[in-house]
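Undergrad: Sharing a structure with you now.
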Amino acid sequence: MSSRPELQAPPEIFYDDVEARKYTSSSRIAEIQTKLSERALELLALPDDGVPRLLLDIGCGSGLSGETITENGHQWIGFDISESMLNVALQNEVEGDLLLGDMGQGLGLRPGVIDGAISISAVQWLCNADKSSHEPRLRLKAFFGSLYRCLARGARAVLQVYPENLAQRELILSYAMRSGFAGGVVVDYPHSTKKRKEYLVLTCGPPSLSSVVPSGKGEDGESCSDDESSGNEENQTVCISDRHRPQKKQKVNKKGKGREWVLRKKDQMRRKGNVVPPDTKYTARKRKARF
């Protein structure tokens, strides 16, 4: 069984030139991507007045979901971290404008200019610590904060995600709520292992009638409640990433680092040839809180 892509490598490395072309040329992936995009647009609930809207496709990749947006008569901006994926999109001459960037550092768009946003299988990548400087919680905060600012008042964002467990889903949703969004999670086909899909349906602004979370689809195509689907899931601890670098734990005495420890460290530095200040009666003495 193949491992989840987000656990193998960072997206800008995993989706290189070879993987980008392989992903885009797969008819199976294109079919899945189209269905997910159509469902995301349905949950976006845009007014059916024939007026084109400006939508944001977060993690647009090679533009497969963007083509669905174009077919529905809307304009779009694609945002992705993989240059190889965006190059394929350019070669395919997609209709949308493309931006290369890391959503974990914020989207960098003007406030209130986007009429709606969708994302297909991208947001869960923020739960990985790909670099020593990456803190997943800070990256989620930066992403949802910038997404909230760029959306027009009352606009929706529909983010299809593959959380690793229930707690990771709650982590993502909690940072969306902290940024000011109203909404929740819609689960399609909750009792199916293969067909189960989760969507974060978020509304920019305080809770209102427009921010009511729609129901998910069941096996018979009818709506079903998410309460039944999430009741049997284990409340596991949040798994930030299997690729997270383990941190070394430093042993510290309850009393802290005393004079003997400091003198021993200074001797070690001297033996290495480093210039070390001489030992005095003030060595390792605690400073007062204030003069």
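The backbone N, Cα and C atoms fix where each Cβ goes, glycine too.
Pulled the feature table from TrEMBL, pasting it below:
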DOMAIN    56-157  domain 'Methyltransferase type 11'
DOMAIN    202-289  domain '18S rRNA (guanine(1575)-N(7))-methyltransferase Bud23 C-terminal'
REGION    211-291  region 'Disordered'
COMPBIAS  221-231  compositional bias 'Acidic residues'
COMPBIAS  245-257  compositional bias 'Basic residues'
Undergrad: Give the mean pLDDT for the domain '18S rRNA (guanine(1575)-N(7))-methyltransferase Bud23 C-terminal' (202-289) on the 0 to 100 scale.
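TA: That stretch averages a pLDDT of 66.
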Undergrad: For the domain 'Methyltransferase type 11' (56-157), what are the DSSP-based totals of helix, strand and coil residues?
TA: 40 helix, 27 strand, 35 coil
